[in-house]
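Residues or ranges marked as active site, proton acceptor in Swiss-Prot: HIS177. The NAD(+) binding site annotation in Swiss-Prot covers GLY7, ALA8, ALA9, GLY10, GLY11, ILE12, GLY13, ASP34, ASN94, ILE117, THR118, ASN119, MET227, and the record cites similarity to another entry as its basis. Annotation comment: Swiss-Prot describes ARG81, ARG87, ASN119, ARG153 as substrate binding site, evidence class similarity to another entry.
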Amino acid sequence: MKVAVLGAAGGIGQALALLLKTQLPAGSELSLYDIAPVTPGVAVDLSHIPTDVTITGFSGIDPTAALVGADVVLISAGVARKPGMDRSDLFNINAGIIKNLASKCAEVCPTACIGIITNPVNTTVPIAAEVLKQAGVYDKRKLFGITTLDVIRSETFVSALKGISLADVAVPVIGGHSGATILPLLSQVKGVEFTAEEIATLTTRIQNAGTEVVEAKAGGGSATLSMGHAAARFGLSLVRALQGEKGIVECTYVDGGSEHATFFAQPVLLGKNGVEEVLAYGDLSDFETNARDAMLEELKANITLGEEFVAG
């Protein structure tokens, strides 16, 4: 199993590469790519960690060498948020980066599963889909927006608020991956009761958690380490499913036939071909139903923006 990380010299990419080097199954290959010249050195640094995962690093303008034979491609390339920016401010730079990298994936590893971390995910995933369609290699089972960070934040915040073990907390998160499009289904957390005020406060905190980190880092970066962990969790789940492990479910932003929007995040059963089944997300509270319905105009506009970017 070969996993490629594109954007591997950045804050997310390095954290992700470290976790993959230590946690991928024995015999896996890990290839790192970034435009930054430091990337081969990152691979050398990680190669000194004693695990049965071989690692190579490539830099420059062409990611081809990193993509040859890849089964999974995780893309974190792009610029990060700074104070005062929201995810949509990233669009102007990151849209072109994703378009180019998706085009290379279509050319070099057309059957690979692609997980997109680069924000704004609501828009960058549709960009990748349109590029893959134009190349004639689009398989909607193999393209994912990685929204796992919203899930782990939800679980962390619920655990802290209620004083319960994280092992006992599972929070599905649906919709998209920015602001009001992030909808944690707190009504589905088993064995926990929330007041209406707690639900409103928690939901807002989860939706704005990225800004919390950007402001706390005071211009020194965005949520790189927690995002690296979230991307590793998703990537490792995907690898295990591709290798035949059954019953692996992750929330992820996919082209899954949702009644709400072309792309929508919800629980997905992963399998040997990527998406095995998009699962129903179950019953919502009135608060959640209203929040879902209220987000759809923004989410659909984000998707259209990506589609139109590729169409020119």
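In case you wondered, yes, glycine gets a Cβ from its N, Cα and C as well.
Structure coloured by features recorded in Swiss-Prot.
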residue: GLY7; record: NAD(+) binding site; Cβ within 10 Å: 27
residue: ALA9; record: NAD(+) binding site; Cβ within 10 Å: 24
residue: GLY11; record: NAD(+) binding site; Cβ within 10 Å: 18
residue: GLY13; record: NAD(+) binding site; Cβ within 10 Å: 28
residue: ARG81; record: substrate binding site; Cβ within 10 Å: 20
residue: ASN94; record: NAD(+) binding site; Cβ within 10 Å: 22
residue: THR118; record: NAD(+) binding site; Cβ within 10 Å: 29
residue: ASN119; record: substrate binding site; Cβ within 10 Å: 28
residue: ARG153; record: substrate binding site; Cβ within 10 Å: 24
residue: HIS177; record: active site, proton acceptor; Cβ within 10 Å: 29
Other CB atoms within 10 A, centred on MET227 (NAD(+) binding site): 25
Inter-residue Cα distance where the pair is ASN119 (substrate binding site) and GLY13 (NAD(+) binding site), in Å: 14
Using Cα positions only, nearest of the recorded positions to GLY7 (NAD(+) binding site) (ARG81, ASN119, ARG153, HIS177): ASN119
Neighbouring recorded positions, C-alpha within 10 angstroms of ASN94 (NAD(+) binding site) - of ARG81, ASN119, HIS177: ASN119
Nearest recorded site to ARG153 (substrate binding site) by CA-CA distance, among recorded positions GLY11, THR118, HIS177, MET227: MET227
